[in-house]
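*Asks:* Below is a structure I'd like to ask you about.
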Amino acid sequence: MQEDRKMRIAAPIDIGPLDTEAQQAVRDLAAAAEAHDGVAPLSEQPLLNLGTDAEWITHVVAHTTSGSTIGYVQIDRSGETASAELVVHPDHRRNGRGRVLLRTAERDATLPSRSGEPGQHGKQLRVWAHGDLEPARGFARALGLRPVRELLFLARPLDAAALRAPEPPAGYRLRTFRPGPDDDAWLRVNARAFAAHPEQGRMTLDDLRARQAEPWFDPEGFFLLVPEDAPDADPAAFLWTKVDPSGPDGAREGETDGAIDGEIYVLGVDPDHQGRGLGRLLTGVGLAHLARAATRAVLYVEGDNAPALATYERAGFARAAVHVQYARA
Ligand SMILES: CC(C)(COP(=O)(O)OP(=O)(O)OC[C@H]1O[C@@H](n2cnc3c(N)ncnc32)[C@H](O)[C@@H]1OP(=O)(O)O)[C@@H](O)C(=O)NCCC(=O)NCCS
């Protein structure tokens, strides 16, 4: 009771859409946490969502009585579980803000659905700890949360001279993505390839267009592998790369001095074409492409995706960091 009173005074919170100024305050907060922790606390999708006022997104901001933004949590209820990303300013930690923000997020996620729509409230909350640093572990322990999902960040050095793009096998042709004409076919193959993935498989046309509008988007680094005998059919597989030296997301974590990271951003093979070495081929294509601009190749992969992990380990990748999703036991 006493603790609750203290927290109400210590952490006024606002729930609702963010205007431009509030969005910038959250970006500044995330940058301060990244400078302090060495890992960005908010990943790409929540940053893209800062200006979003969708039914399934909730923004919660904690501030001081004078109005400075010192904590933020974003809850995304569009998936089967609700996903949250949470950050407290390094100068304001161990003062109960994290606890208040997490409780607010849990209430938002788990409240029985009012609309009756699937994809809304009434869901388990899962909160990301990027880098899974000690404060996040201690915080999770204190709040009775346990790890439920691991996302691995893998890296390998790139040497332009040593890398040549492998040729596609007979029956397939490699070409680059055409923004617009290829959008729908790519969304279909992405949904099939990532049918079991909690986020990637749900990408919408709006999500794709938002990425196409980002300064890092480069169709020359987005490859489609198409069946040679059916040029109008959906792609059999695809590889999307991303080079963003100034990027605010986790792509630069663990970066060694002077290294430029190039990311194997998404690699997907249609289930009808799996088991033919296309993942391995596209990994090689990606490495050769990235080696032109980057000195280190990086990627994210689910900790329980054994086939993908094996492909990447064979291609020389090793674990550089881990991101953990926590949920209530
Ligand atoms: C994790 C984080 C959100 C905690 O925010 P916070 O405002 O400091 O958390 P609280 O003050 O509400 O802490 C609640 C309890 O968590 C535990 N805890 C918090 N930070 C801890 C730390 N550095 N080491 C050990 N335990 C810690 C403590 O038991 C604490 O209670 P106490 O201070 O009374 O002992 C903050 O450190 C942060 O922003 N980290 C970077 C982003 C991140 O990792 N987010 C994911 C969280 S799962």
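Cβ coordinates are placed from backbone N, Cα and C, and glycine is handled just like the others.
Here's the feature list from TrEMBL:
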DOMAIN    13-159  domain 'N-acetyltransferase'
BINDING   L86, V87, V88  acetyl-CoA 1 binding site
DOMAIN    172-329  domain 'N-acetyltransferase'
BINDING   L267, G268, V269, Q274, G275, R276, G277, L278, G279, R280  acetyl-CoA 2 binding site
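Please situate the listed features within the shown structure.
*Replies:* L86 (acetyl-CoA 1 binding site) counts 23 other C-beta atoms within 10 Å of its own C-beta, drawing on all protein chains shown.
Non-local contacts of L267 (acetyl-CoA 2 binding site) by the CB criterion (under 8 A, 6+ apart in sequence, same chain) comprise A237, F238, L239, W240, G279, L282, T283, G286, L299. The DSSP secondary structure for L267 (acetyl-CoA 2 binding site) is strand.
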*Asks:* Looking only at Cβ atoms, how many others are within 10 Å of the one on G275 (acetyl-CoA 2 binding site)?
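*Replies:* The answer is 10.
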*Asks:* What is the three-state DSSP composition of the domain 'N-acetyltransferase' (13-159), stated as helix, strand and coil residue counts?
*Replies:* 52 helix, 43 strand, 52 coil
*Asks:* Please list, in sequence order, those binding-site residues from L86, V88, L267, G277, G279 with the Cβ less than 6 Å from ligand 1.
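*Replies:* Result: L86, V88.
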*Asks:* Once L267, G268, V269, Q274, G275, R276, G277, L278, G279, R280 are set aside, which residues in the chain still have Cβ within 8 Å of the Cβ centroid of the acetyl-CoA 2 site?
*Replies:* A237, H273, L281, L282, T311
*Asks:* Considering only the binding-site residues V269, G275, G277, which residue has the minimal Cα-Cα separation from V87 (acetyl-CoA 1 binding site)?
*Replies:* V269
*Asks:* Reported as an integer number of Å, what is the Cα distance between G277 (acetyl-CoA 2 binding site) and L86 (acetyl-CoA 1 binding site)?
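*Replies:* Taking the Cα atoms only, G277 (acetyl-CoA 2 binding site) lies 39 Å from L86 (acetyl-CoA 1 binding site).
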*Asks:* Using DSSP and three states only, what is G277 (acetyl-CoA 2 binding site)?
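*Replies:* Assignment for G277 (acetyl-CoA 2 binding site) reads coil.
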